[in-house]
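Here is what Swiss-Prot says about this protein:
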TRANSMEM  32-52  transmembrane segment
TRANSMEM  62-82  transmembrane segment
TRANSMEM  101-121  transmembrane segment
TRANSMEM  131-151  transmembrane segment
TRANSMEM  168-188  transmembrane segment
TRANSMEM  209-229  transmembrane segment
TRANSMEM  256-276  transmembrane segment
TRANSMEM  296-316  transmembrane segment
TRANSMEM  345-365  transmembrane segment
TRANSMEM  366-386  transmembrane segment
TRANSMEM  401-421  transmembrane segment
Amino acid sequence: MSDLVSRPGLSERTARAVADRLAGRAGWRNPLIFAGPAVVASIAYMDPGNFATNIQAGARYGYDLLWVVLLASLIAMLFQGLSARLGIVTGRNLAELCRDTLPPALTIPMWIISEIAAMATDLAEFLGGAIGIALLAHLPLMAGMAITGIVTYGILLLDRRGFRPMELVIGALVGVIALCYLAELLIVPVHWRQAALHTVLPSLPDAEALTIAVGIVGATVMPHALFLHSGLSGARVAPQDAAQRRRLVRYSNIEVLAALGVAGMVNMAMVAMAAGAFHPAHQGIAEIGEAYRTLSPLLGAGAAVIFLISLLASGVSSSVVGTLAGQMVMQGFVGFSIPIWLRRALTMIPGFVVIGLGVNPTRALVLSQVVLSLALPVPMLALLWFSTRRALMGALAVRGITAIAAIGGAIVILGLNVILLLQIFGVNVPLPG
């Protein structure tokens, strides 16, 4: 292992396997050791916010907006790949690079905005898990929130044993979500030909479809996922030369394609399930609880329970990931962090306040997405700037077609976020043409 420096969290066995792979001594198991960061980050694309948006899209417009999910998934792959590359090449996360490179007049506001975004993210994910538990166990929502908090804290304690146990648990929950939606597709009558057609044929039936499309794409690249992915990728190993860095980036790109590909297919399955189950007879469904209560009489209790299990796995796993991202944001921007139990407790408070005040959980989810839309330019533009700097990234600086695609993706995401905010505040945005 002399040709590679391992970072805390790698077991001796894993570190040896990493060294063998980077030295070109391949084994059948070795590629699996690089899996983890993208799997964890992919949870951001299967969180309860995605559930609500995709259910609304499928219920109201059938398969018409599947192409939007495909576009969103491709953009997500690009930016998560850039985030992982940044961590591998520099050994630092995005927040640390901002602190070390930019003046305090910029980094302090960036930190505050990013912390608010992390709390807004955790609010949505925490509420999603709580809704799943409450509906599944027939408990009050407050009780569901308390159980969600305890479960997520228990998973977070695994971090004391290194990042691998945590990644395995998150990966297992990703598998649960994927299997649940595979089962749903076997139960729900899906028109596969229409689904395939609308995946590649863009269409916007009316102005309201634009609103939902913006909601799907505009919330795709999550601020906390960009911070977290760079940190997890940089925390693995310290490559000793350019060849090792290139290999790590290549393996990372493969993992991003696989993990985000699964996330994209899960999102497409959500839309297809909602289209097959609810469209056109139940077009007005827009809330998670309403979808659950409608599924049971339509397709049986089994379909409804599977839906809740997937929601629970999504809420718990994404809440864990959101807490980890919040820790990384604080550590990166200001150089210190608070105990994980304290952050978990603090991020639970807004959820209890929201529900205690009688705010509709779905409304709270929507408001959290507004906050994320406002915060998104901070990590996205910083990531683009760092990724294209040859002085920082060397030969792995993003350029050419990749740079053009990244800039184009940023313009699409930021433009759609502006449209989303305009629509939320009552400004009517007409369809093009």
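Residue numbers in this text run from 1 along the chain shown.
Glycine is no exception: its Cβ is also placed from the backbone N, Cα and C atoms.
Between the transmembrane segment (366-386) and the transmembrane segment (168-188) there are fewer than 3 Cβ pairs closer than 8 Å, counting only pairs 6 or more residues apart in sequence, which means the two stretches are not in contact. Between the transmembrane segment (62-82) and the stretches 101-121, 256-276, 345-365, the greatest number of Cβ pairs separated by less than 8 Å involves 256-276. Here the transmembrane segment (209-229) sits against the transmembrane segment (401-421); at least 3 CB pairs are under 8 Å, leaving out pairs fewer than 6 apart in sequence. Here the transmembrane segment (32-52) touches the transmembrane segment (168-188). Their Cβ atoms form 3 or more pairs under 8 Å, with each pair 6 or more residues apart. Taking residue pairs at least 6 apart in sequence, the transmembrane segment (401-421) and the transmembrane segment (256-276) share fewer than three C-beta contacts under 8 angstroms.
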